[in-house]
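Q: From Swiss-Prot, for reference:
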- HIS450: active site, for 3-hydroxyacyl-CoA dehydrogenase activity (ACT_SITE)
- ASP296, ASN500, TYR660: substrate binding site (BINDING)
- MET324, ASP343, VAL400, VAL401, GLU402, LYS407, SER429, ASN453: NAD(+) binding site (BINDING)
- 1-189: region 'Enoyl-CoA hydratase/isomerase' (REGION)
- 311-729: region '3-hydroxyacyl-CoA dehydrogenase' (REGION)
- 708-729: region 'Disordered' (REGION)
- GLU119: site 'Important for catalytic activity' (SITE)
- GLU139: site 'Important for catalytic activity' (SITE)
Amino acid sequence: MLYKGDTLYLDWLEDGIAELVFDAPGSVNKLDTATVASLGQALEVLEKQHDLKGLLLRSNKAAFIVGADITEFLSLFLVPEEQLSQWLHFANSVFNRLEDLPVPTLAAVNGYALGGGCECVLATDYRLATPDLRIGLPETKLGIMPGFGGSVRLPRMLGADSALEIIAAGKDVGAEHALKIGLVDGVVKQEKLIEGAIAVLRQAITGDLDWRAKRQPKLEPLKLSKIEAAMSFTIAKGMVAQTAGKHYPAPMTAVKTIEAAARFGREEALNLENKSFVPLAHTNEARALVGIFLNDQYVKGKAKKLTKDIETPKQAAVLGAGIMGGGIAYQSAWKGVPVIMKDINDKSLNLGMTEAAKLLNKQLERGKIGGLKLAGVISTIHPTLDYAGFDRVDVVVEAVVENPKVKKAVLAETEQKVRPETVLASNTSTIPIGELASALERPENFCGMHFFNPVHRMPLVEIIRGEKSSDETIAKVVAWASKMGKTPIVVNDCPGFFVNRVLFPYFAGFSQLLRDGADFRKVDKVMEKQFGWPMGPAYLLDVVGIDTAHHAQAVMAAGFPQRMQKEYRDAIDALFDASRFGQKNGLGFWRYKEDSKGKPKKEEDAAVDDLLASVSQPKRDFSDDEIIARMMIPMINEVVRCLEEGIIASPAEADMALVYGLGFPPFHGGAFRWLDTQGSAKYLDMAQQYQHLGPLYEVPEGLRDKARHNEPYYPPVEPARPVGSLKTA
């Protein structure tokens, strides 16, 4: 053994070839600060070996290196800019030493090589991969850019266009694509990987392969003419501006850095990368996006822990077909859980099957599946008008009309047709689970399972624990949701649960703005362009359905009369009374017509202004800040109340439910991350300016207490240790 660290070791392999093996404790390798330091120490040993002829890098895990240790990021991002820059210089000196070894080097890459793992293998001369490879640079999705030379080496290896596509979009690619663009030099089966790697190294050692020529382009300026450079970077900047926008600075910074570094060799280019990375790491956007990544890991880890002793359901059923039922049936079947889809009439069943078939055909058109796979999946969805087969069902989700009487009747009837241990769930969006459970003989086997529309796209499923729901019931439904590829978050029961409970105060803020003379078009524009929502409130109401919102608004008002009971007729009432239900019937705040792809396209409709005039004061202008404050304060206050009341268990789960269920702008990180970024005291000062607007604008006492003590909702993060300590970690 030449060297042994905590996460990697160095040893002779055979005949002058050494192997550097990443083998961290635990299930995966991460390129954390300690591993970077250890890699430097291993290279120091290697540089003294006069008999060295070649170096093989490999992993002892199922994945090569999954990336940097994201859990270190928030503390690293708090290090002063100069110290962070120094540490990056140190880390890059390690990868430069790997790249500058006087012998050929090869990385044998299996599984994932992402972020820092990808940047590590870019420093070698050759790369062999297994068919399960996923390699790429996802840093821009975390609000930063590659910092270990990825923005320097990748363009010089692949050319500007392919590299920009990967870096700006934060993409990873599979083995076949990586081979096609030159990111890897060959793809071999796992059992042949080491044998193949040694064979390539031997060819390089004997001179049959020119490893020096392979290495040289990575050390030089990017080979692009002025015209080629202008075309590549102009197109890339245009696409990034269109897709990322002003709220996500990392992709544009990465493109501009690659452009600026194109005319320099490695050292100067790395300096430019460093100068771009450090300011990005100190942005609120980076902290928010890293926070989302960590919260996502926390939420999924919690679901995994909850279901560790639970068998995933083998047979499911959906009550109620149509678009929602068909979407749930598709998602279950697509992920491998057969499903019975029951309805009371053929028309609805046909609609549900058509929806499932349409979604499968889209997968076929995109090349994700073949005809046999499509036929196999669709055959596991069994439409029926009766309860045949329900005696073998493990879990049933009810998705009938949002009417408590109908839901109770359907659930009570179904309970008599299934085994005693079968779990029942309701896809209700607002009706309390306790109310629906009152119709059942076994309420302990019942809970809520709230999907979001469209089911196949929306990642969140709210799992609602009723007062009598058993732990096993919750675990079974969480297991099914996880199997469907969803992110389940368990919440406690109340009207609207978590997501809709906090959404309707937001809509109430919108209604009050319109009542006071705001133009809904400007409100939408501000909330989309300035705050960052994917849809403004008027457009969102049209998509949800004005009739749906009108009904849910009444349910919420009954559940929380002290805050959500209206004392005036609002815009939702006016549109509902005029049968303007939104996209579903082509008339809402906007008029809708289908475009060439059959998708609804919104158009101005002057008639709506006359309609809204009956429930509004004369039009007046509001500042962007005032619109944002009046829209967001009711939502934020209700989110805080949900945490204080135990409806949601943690800030992390609340923020992920908002991001995954409502599209809360990820660059804000969620409501609690947004609060922490602003500071509770600053938020309180803002909110108090609007408390005259009513109970929805009254800040909860717990938030006031946070402001008094200057406390964040997330645990405070300490800056990483000084750079000197990081080097020798």
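Keep in mind that glycine also has a Cβ here, set from the backbone N, Cα and C atoms.
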Q: So for HIS450 (active site, for 3-hydroxyacyl-CoA dehydrogenase activity), how many other CB atoms are inside 10 Å of its CB?
A: 25
Q: To the nearest whole angstrom, what is the C-alpha distance linking VAL400 (NAD(+) binding site) and ASP296 (substrate binding site)?
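A: One finds 31 Å between the Cα atoms of these residues.
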Q: Between the two most separated Cα atoms in MET324, ASP343, VAL400, VAL401, GLU402, LYS407, SER429, ASN453, the residues recorded as binding NAD(+), what distance in Å do you get?
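A: Taking every pair of listed residues, the largest Cα separation comes to 19 Å.
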Q: Spatially speaking, which of the recorded positions GLU139, ASP296, HIS450 is closest to GLU402 (NAD(+) binding site)? Use C-alpha to C-alpha, please.
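A: Among GLU139, ASP296, HIS450, HIS450.
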Q: Compared by Cα position, which of the recorded positions GLU139, ASP296, HIS450, TYR660 is the closest one to VAL401 (NAD(+) binding site)?
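A: Result: the closest of the recorded positions to VAL401 (NAD(+) binding site) is HIS450.
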Q: Around the C-beta of SER429 (NAD(+) binding site), how many further C-beta atoms are within 10 angstroms, looking at every protein chain?
A: 22
Q: Please determine which of the binding-site residues listed here (ASN453, ASN500) has the lowest count of neighbouring CB atoms within 10 Å.
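A: Each of the binding-site residues ASN453, ASN500 was scored by Cβ atoms within 10 Å; lowest is ASN453.
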Q: What is the Cβ neighbour count of LYS407 (NAD(+) binding site) at a 10 Å cut-off, with all protein chains included?
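A: Taking every protein chain into account, the count is 23.
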Q: Using C-alpha positions only, work out which of the recorded positions GLU119, MET324, ASP343, LYS407, ASN453 is nearest to ASP296 (substrate binding site).
A: ASN453
